[in-house]
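K.L.:
Per TrEMBL, region 'Disordered' is recorded for A:1-20. The transmembrane segment annotation in TrEMBL covers A:96-117, A:123-141, A:153-172, A:192-213, A:234-257, A:263-282, A:294-314, A:334-353.
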Amino acid sequence: MTDLSAPAREPGTPAPRRGADPVKALLHRHRELCETAVDPLEIAAGLEAHGVTDRTAARFRHRDVFSLAEELYARANHHTDAPPAAPPAPAPRTTWAVLTLLPGLLCLATLVALRHTGGQTRLLTAAAGALAVHLSLRAALRRGPLSGPRCPGTALPVCWLVAHALLGEGLLRAALSGGPDTPPTGADWPLTAATLAALALACAPAAWTTHLFRTRTHRRLTASRALEDFATSVRPLLLGTVALQLLAVAALTLLTATLLDEAPALGTTLTLGALLHLSRLLTVHGFTHAPRVILTATALTQAAALAAVFAARLPGLAALATPVETLVTEGTPAALPALTCGAAACVLLLHAARRLTRASAHAHAEARR
Amino acid sequence: MLVRIGLLTEGGYPYVSGDARLWCDRLVRGLGQHEFDVYAFSRSQAEEDEGWVPLPPQVSRVRTAPLWTSEDDGVVYGRRARRRFTEHYAELAAALCTADPAPAGTRSDAGTAEAPGVPHQADRFANALYGLAELAREEGGLAAALRSEAAVRALECACRAPGAQRPAREARVPDLLTVAAHLERALRPLTLDWYEENGLGAVDLCHAASGGTAALPGLLARHFFGVPLLVTEYGVRLRRHYLTRPDSSPAVRSLLAAFHGRLAAEIYRQAAFVTPGNTHARRWQERCGADRTKLRTVYPGMDAAPFAEVGESQASADPHTLVWVGRVEPAKDLVSLLHAFAEIRKQEPGTRLRIVGGPAGPEGEAYLGHCRMLAAQLFPDEAEGPHAVGDNPVSFEEIGGPELPTPADAYAAGAVTVLSSVVEGFPVRLVEAMLCGRATVSTDVGAVVEVIGGTGLVVPPRNPRALAEACVSLLRDPERRERLGAAARARALELFTVEQNIAAFHGLYLETVARTPVRRLPLDRTGVPRPFASPAEAHVPGHWTDPAPRPVPRWAAPEQVPVTEAAR
């Protein structure tokens, strides 16, 4: 195609640097734009941003920029590159790595301090320790992989569940034998402090397993082509994450039991640890409803069991205590929290296996990245 | 006659930091005889925190909604509502994934080229959109549904369906999630509670201050209540979408481009009038399927008062000074201007160049530094005599200093105003120079030719020699300068003042309302209908050039030739 519209030049002036096909040069100049464009209008917008007007298009023997863009679109060889490299998943940060260690260490320190104090000082130590653990726990849940949307209405059930793990076993035993006659310090109402310490320490592995789950899902998400593929590849990942966390909690329970010189309450700690971990995992991914319901239901069940034991002392209501009494005499006092928390954890695991394998559950996390 | 106008803005009018704030404010203040309801979308928390501009009394109500966050109303769909949502969303997704059989711009015969039984893509898109809007209006809970897995699944199905475009077929899971999230953001206007009898149903006409999201409520008001829609676009939203697209995969870009393209087409189809701000915007709108009979170019208005004093007198102009005014950035091509000035100095040694304006952003800052260095290299400092302190013939200044307190003073300082951009939208600085009655030399970019219209010199962009020749010819001919300047001022006063802008919109409002059937009887204070309160309707349903069958005598009807006959 020769440029016939060029004005007649005076002899002697050098010919302009233009080949037989002016569009080819333009195509070369805007090659990237033309090859990645998905429709001619995108090329037209890009050309206009580079200062191409209808009068420029007229030099290429086109009516306007749109028809020029159409020719460019038709002539460019569109290649679909490999998908752009996914942004790397966030690397672990020292901030949250340290923060998640704090509640466990503070809790352990408080428990050790309680062993060596007495009277008024002991009460003050306990109060200061509880406050410190509470604050550090809040800080740990604010940032890092454990941070999530606010989930009002879960704090109370969680407090109850933890308190029950700490005091419940002794209280139940004392209640069944007609007590309790003393505050929770003496021999007939022992505290299972190792459980509390293990749960507080479990914050750190929970953060790491959640981080691992998130980075792995991110990788699976970028690699999968269909939603079904994604779901099937995430399911074992979820189970692995929960198993890893359970292993960590078990190890921590044995460790704290040895440190504090108590019998390890594996059943209570493992089930409660799993329940709390799963509910946090769901909350982090934006599902706040199910954890709230399940945690509240579990706490209510435990409260009802205790209340039934005390209510059985009223005349004529002795039958109320029978189920709990059977459970304790047949098994151990730890069977009640282990059973309730275990059942709740199973329900949440099933729920998580359905919800967290959906791609849309991870869309929010992707968008924030 | 009093018209109640629903002004729809996005990140604009009542907010202090809005884009189109000045224009809308002048429009609302200029039409004090009408009543305005402002429906505004805010773009960010920061914008909301900065507050509103003072509103005149004709603004009777302001309703705002955030576009940057969505509130869940807690409604969970039952089985039937969920099925309804999935159906409509799947239809929407299918309309986006399938190639448009009639490419934009060649729509005139689209209706006939369609295979029977397959609804037109635009209709499909519109039906799905209105279906979703109806669902949101009746049941609520659309925000959560748009984020749900059902939406992503419907998108996946549409992308894998036969007949989907190639980029869509190659969509991966992250692409689907990105598209779903973007659609959720774009469809947020559907979830609002504005579409009620005492909300958008109560206005006489909707005026969208931009296309895209801002026009969506107007589209729905038209669908639900038959409120006519007027769309003003100073920059075409679809084009901006192409330019600001993130570096995402082809699948995402293709699906989102399809969404914005179809939405723009539907807006243009339903609007009573579309008013582009210049010919460039008009060409894009035509390309996107806007009917030419609906297009009315309304130039943006500029306040002529600050330039009146300079425009009336030529006294302060230094005949050997060129002025460039604007924000310094690479698109303004000051390098080319400096080279042109070197050429000018060869022919007119006493000439000076004043570059007035601050840098735009960090890129502009770097560019300004580069230009200063180039100016220092090209032009050595020079002094009047051996004992005077020298000065560079090129000076870089900013408006607001003691020498140039206002833009008008900057234009007044020179005999010729130069514009050297390589990329330009609507050249506001050129119009200011015209209002000041200055002769101008500008490059042929954007809407420059359309604005200047023969009252100034125009040269090709990136051509310093042509720029220099044009400047020299003006510098040597004061009479021509004066003639061109006067003509330019007259043209600017005729076309680009606030008054013409307001008058144009006022006329369009009345025309639109006059063409719309009266939906409710105007009542006076005692509740008695007022006769002649609304104008007689001048509205013919359907388009008069439609190829619809019209009563024709039998003898005049074209003879029906059987298809088999024609095939032989």
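Each Cβ is built from the backbone N, Cα and C atoms, and glycine gets one as well.
Surface or core, plus neighbours and distances: that's what I need for these features.
P.N.:
Counting only same-chain residues 6+ beyond the ends of the transmembrane segment (A:123-141), those with a CB under 8 A from a CB of the stretch are 96, 99-100, 102-103, 106-107, 109-111, 113-114, 117, 147-148, 200, 203, 207, 280.
Same-chain neighbours of the transmembrane segment (A:153-172): 180, 184, 188-193, 195-196, 199, 265, 268-269, 272, 275-276, 279, 283, 288, 291-292, 295-296, 298-299, 302-303, 305-306, 309, 324, 328, 333-334, 336-337, 341, counting only residues six or more beyond its ends whose CB sits under 8 Å from a CB of the stretch.
Counting only same-chain residues 6+ beyond the ends of the transmembrane segment (A:192-213), those with a CB under 8 A from a CB of the stretch are 92, 96-97, 100-101, 103-108, 111, 114, 133, 137, 140, 144-146, 162, 165-166, 169-170, 237-238, 241, 244-245, 248-249, 252-253, 255-257, 259-260, 262, 264-265, 268-269, 272-273, 276-277, 280-281, 284.
Long-range Cβ contacts of the transmembrane segment (A:234-257) within its own chain (Cβ-Cβ under 8 Å, at least 6 residues beyond either end) map to 108, 194-195, 197-199, 201-202, 205-206, 209-210, 212-213, 216-217, 220, 263-266, 269-270, 273-274, 277-278, 281, 349, 352-353, 356-357.
When Cβ-Cβ distances below 8 Å are used as the criterion, the transmembrane segment (A:334-353) is approached by residues 161, 164-165, 168-169, 172, 235, 238-239, 242, 265, 267-268, 271-272, 274-275, 278-279, 281-282, 287, 290-291, 294-295, 297-298, 301-302, 305, 324, 327-328 of the same chain, each at least six residues removed from its ends.
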